[in-house]
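Trainee: Starting off with a structure, shown below.
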Amino acid sequence: MKTLYSLRRFYPVETLFNGTLSLAGRDQETTGFAWWAGNARLINLSGKLLGAHVAHAGLIVFWAGAMNLFEVAHFVPEKPMYEQGLILLPHLATLGWGVGPGGEVVDTFPYFVSGVLHLISSAVLGFGGIYHALLGPETLEESFPFFGYVWKDRNKMTTILGIHLILLGIGAFLLVLKALYFGGVYDTWAPGGGDVRKITNLTLSPSVIFGYLLKSPFGGEGWIVSVDDLEDIIGGHVWLGSICILGGIWHILTKPFAWARRAFVWSGEAYLSYSLGALSVFGFIACCFVWFNNTAYPSEFYGPTGPEASQAQAFTFLVRDQRLGANVGSAQGPTGLGKYLMRSPTGEVIFGGETMRFWDLRAPWLEPLRGPNGLDLSRLKKDIQPWQERRSAEYMTHAPLGSLNSVGGVATEINAVNYVSPRSWLATSHFVLGFFLFVGHLWHAGRARAAAAGFEKGIDRDFEPVLSMTPLN
């Protein structure tokens with residue numbers, strides 16, 4: 001079944017460094033790939049490829065568990081999470097574990113449990129990976145036809161797609177269950193400065209949920225990244241989980257239609273390129289979400305967003321100068337615009353100065369001071385609470401702008417501290433990874449299309465310098 005075509009013709013891109021070197025019995029002569037091409041040697045060995053994937057999952061889960069325990073071991077409850085370079089504990093805290101009112105950590109034991117569970121799981125995955133890579137059957141088709149596949153088998157491929165979609169849907173519903181029944185999640189908008197609460201009144205209205213998808217990505221619109229209440233987030237997961245599970249069942253039960261059979265390339269490398277493209281999109285969306293959204297990524301754990309730190313600075317100095325007798329409603333700044341307050345293009349009262357560009361920021365410490373027409377002057381004069389002053393001063397000095405030498409905050413700010421915000425780390429890393437995944441998508445898509453069209457011959461190797469060199473062994 002697997003030898004319907006010559007591997008040579010199907011995988012013609014070769015580089016002969018040392019054709020005789022054989023790793024685990026899979027040499028260049030039999031697979032068409034040299035040792036350094038890694039899992040490409042396993043393209044038609046479903047059992048060994050399974051081992052590679054399970055082992056990879058084990059490495060991922062091991063990192064999660066080990067890094068989790070590392071963060072727990074270094075965690076200081078007296079300092080905010082974002083000052084300690086943590087990237088995993090904020091996620092656990094956001095899910096409502098170990099935190100109380102205001103995002104204060106009251107118990108680190110759940111974090112320890114999470115780390116240990118991941119470590120134990122990684123051992124199981126690691127064993128399975130090594131077993132399937134070294135001892136298990138090379139191919140699954142003969143002994144376990146349910147788990148076997150041929151890359152060209154369109155029906156089997158969409159069945160596998162369906163199984164993956166169902167698993168993703170179950171994952172979405174796990175968050176829903178946590179929010180509804182298992183202790184709730186952290187809500188930065190809870191009255192009095194954030195708390196863990198169960199979500200009771202889900203947003204299931206399709207016009208609201210899918211309205212986010214139809215919004216513009218710019219300015220105050222912000223596409224799905226603009227979501228700012230947990231009811232919408234959890235309701236969105238109900239919709240997404242349902243769509244994934246129903247779509248998964250659909251793909252398991254049906255065969256691809258003729259237009260889909262014609263439109264797609266049906267080979268292992270093509271599926272790799274589709275997956276890389278999807279992961280790339282995930283990375284770019286995650287980048288924007290963690291950078292701009294302070295509901296899904298509460299500022300109590302991740303530090304303020306860029307716009308939030310900027311608005312916090314304007315607010316802090318408004319409070320200071322108002323105490324010193326300034327009339328913040330009418331004071332004029334160096335540009336002739338309002339020094340503390342001005343109007344937005346649509347007429348709302350907003351903070352003046354350089355932070356005007358961030359006038360559409362929404363944050364739990366600022367919203368109580370807004371009225372129907374933007375910031376309410378009488379509330380700014382009479383209603384500012386001490387917790388709002390404390391929080392804005394804290395956020396002002398923790399802007400997510402880390403320079404290379406890790407001086408956090410605004411470069412000219414004398415109160416800045418030595419730190420880089422986890423928002424900076426998470427946004428930058430996901431952007432960079434998303435970009436590289438996109439390049440990988442283009443690369444493998446190009447190769448897969450060329451191979452399907454039958455003209456991928458690779459570089460002409462007749463005059464390669466390496467051919468005149470002595471073999472490595």
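Backbone N, Cα and C atoms are what each Cβ position is placed from, and that goes for glycine too.
Per Swiss-Prot, the features are:
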- T15: phosphothreonine (MOD_RES)
- T15: N-acetylthreonine (MOD_RES)
- 69-93: transmembrane segment (TRANSMEM)
- 134-155: transmembrane segment (TRANSMEM)
- 178-200: transmembrane segment (TRANSMEM)
- 255-275: transmembrane segment (TRANSMEM)
- 291-312: transmembrane segment (TRANSMEM)
- E367: [CaMn4O5] cluster binding site (BINDING)
- 447-471: transmembrane segment (TRANSMEM)
Trainee: Quick one: find which recorded stretch in 134-155, 178-200, 255-275, 291-312 has the most Cβ pairs under 8 Å with the transmembrane segment (69-93).
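Mentor: Result: 291-312.
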Trainee: Which of 134-155, 178-200, 291-312 shares the most C-beta pairs under 8 angstroms with the transmembrane segment (255-275)?
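Mentor: By the under-8 Å Cβ criterion, the transmembrane segment (255-275) pairs most with 134-155.
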Trainee: What residues elsewhere in the chain lie close to the transmembrane segment (134-155), defined as a C-beta under 8 angstroms and at least 6 residues from its ends?
Mentor: 1-2, 24, 43-48, 50-51, 255-256, 261, 266-268, 271
Trainee: Given a separation of at least six residues and a C-beta threshold under 8 Å, show me what packs close to the residue listed as '[CaMn4O5] cluster binding site' in the same chain.
Mentor: none
Trainee: Would you mind pulling the DSSP three-state label for E367 ([CaMn4O5] cluster binding site)?
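Mentor: In the DSSP reduction, E367 ([CaMn4O5] cluster binding site) maps to helix.
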